[in-house]
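Here is what TrEMBL records for this protein:
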{"type": "DOMAIN", "residues": "78-393", "note": "domain 'Peptidase A1'"}
{"type": "ACT_SITE", "residues": "Asp96", "note": "active site"}
{"type": "ACT_SITE", "residues": "Asp305", "note": "active site"}
Amino acid sequence: MKLPDPPLPSYTFTIYHRDIFEKSNFKNYDSLLESRLARCHARARYLTLAHESKNGSLGGDMLELVPKSTDTYNNGEYVASFLIGSQMIKNYLLVDTGSDLLWWQCGPCEANKCYYQHQPLYNSTASKTFRKVDCDQHGFKCKTDDPHFYCNLQSFECKYDVEYTDGSSVKGFIADDVISFVLDNRPIRVMFGCSKDQTGHFLASFSGVVGLGRDVSRGYSLPSQFGGNLMSMCLPSVLSGKGSVLSFHTTKFPRATSAKLLPNHVWPSCYYVNLYKIFVNKKEVSVDPSWWNFKPDMTGGVIVDTGTTLTRFPTDFYIIFRTIFRSEVRDIPMFEYPAEPFDTCYANPDNIELHFPIVKLYFGSVDSSHELVLAQERVVLKIHGLYCLAFIG
């Protein structure tokens, strides 16, 4: 008789929208939102160019625009808090589902090598649980198949040099230490990038990046280190001003919507999900479900990405979706001059309570356990006094 495997330990941490930390830098809500939309556009452009370049459909000048890494630091929209090392230093790290490296600033730093951060700087020499990981130690192998990592034959350190979309870069070596998840105070030893040399523009509110990429072959992202095969999250809305949670091996939400993660060997780090159908009120956006499947070259599919605020559809699908949405809006005038980058906006001159169509997403099949009903603030976004359909084609 085969006994069932024991349950895997669960890990849960708090996440916040980054705008909580940055709103004081903007004169008003609209300027804050414009900055967020600019990051969203840059991230979406990056993903498009990177996917096209990997499949050989880009060349020449366009190929030079493709960033050297998916670790797009400045495009992270969500922030996680952790207690790091034996001293349990609290740091905030940007969350990135497209990154395969967990890293944070690692003192002691040489002059002008580490950027200023609001939280106390983690100091590896003060942490009793810190360990430097050699290139070949305890079964660990430096992942030299990735050009961003290499073994220094003098120090035998596993070094990395990662460049981001805006030209910023981080350099350091792989080490391990204990981090604690603030919500359940569960400690776990993780490998991380001990970053010693940062150049470019980094925000003082955050001390590093939580790479949540799915690529288990590299072993540097957080979920790859404890075999995270189930992830549940409730991303806080940009208006909530509150934290939420992200969990591995468990779900904290009794009425959660379930979506299957689909493997993609060309883009193993990305979170592809099995989107099946979309409804606006009771009207189906009528396309064959195979529309969302991978093509033979593994392009296509639907990605969940923490760096993009807006949902983006293929242009031809978006036109159908938009047409149905407009037809379902009742007694709300559409504004002739929409706010960019949107093309469907509504005015509310009388400042009354508005009710827009309900958008439902189904994953795998049309039933209640796979139904995701979007909250109105995730369907329509208020900007410059207008209410705009928060989807892009």
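The count begins at 1 with the first shown residue.
A Cβ is built for glycine as well, from the same backbone N, Cα and C atoms used for every other residue.
Keep in mind that TrEMBL annotations are predicted by a computer and have not been checked by a curator.
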Inside 10 Å of the Cβ of Asp305 (active site), count up the other Cβ atoms and send me the figure.
19
Report, as a single number, how many Cβ atoms besides its own are within 10 Å of the Cβ of Asp96 (active site).
28
What Cα-Cα separation, expressed in whole Å, is found between Asp305 (active site) and Asp96 (active site)?
8
Integer average pLDDT (0 to 100) for the domain 'Peptidase A1' (78-393):
88
Reading the DSSP string in three states, the entry for Asp305 (active site) is coil
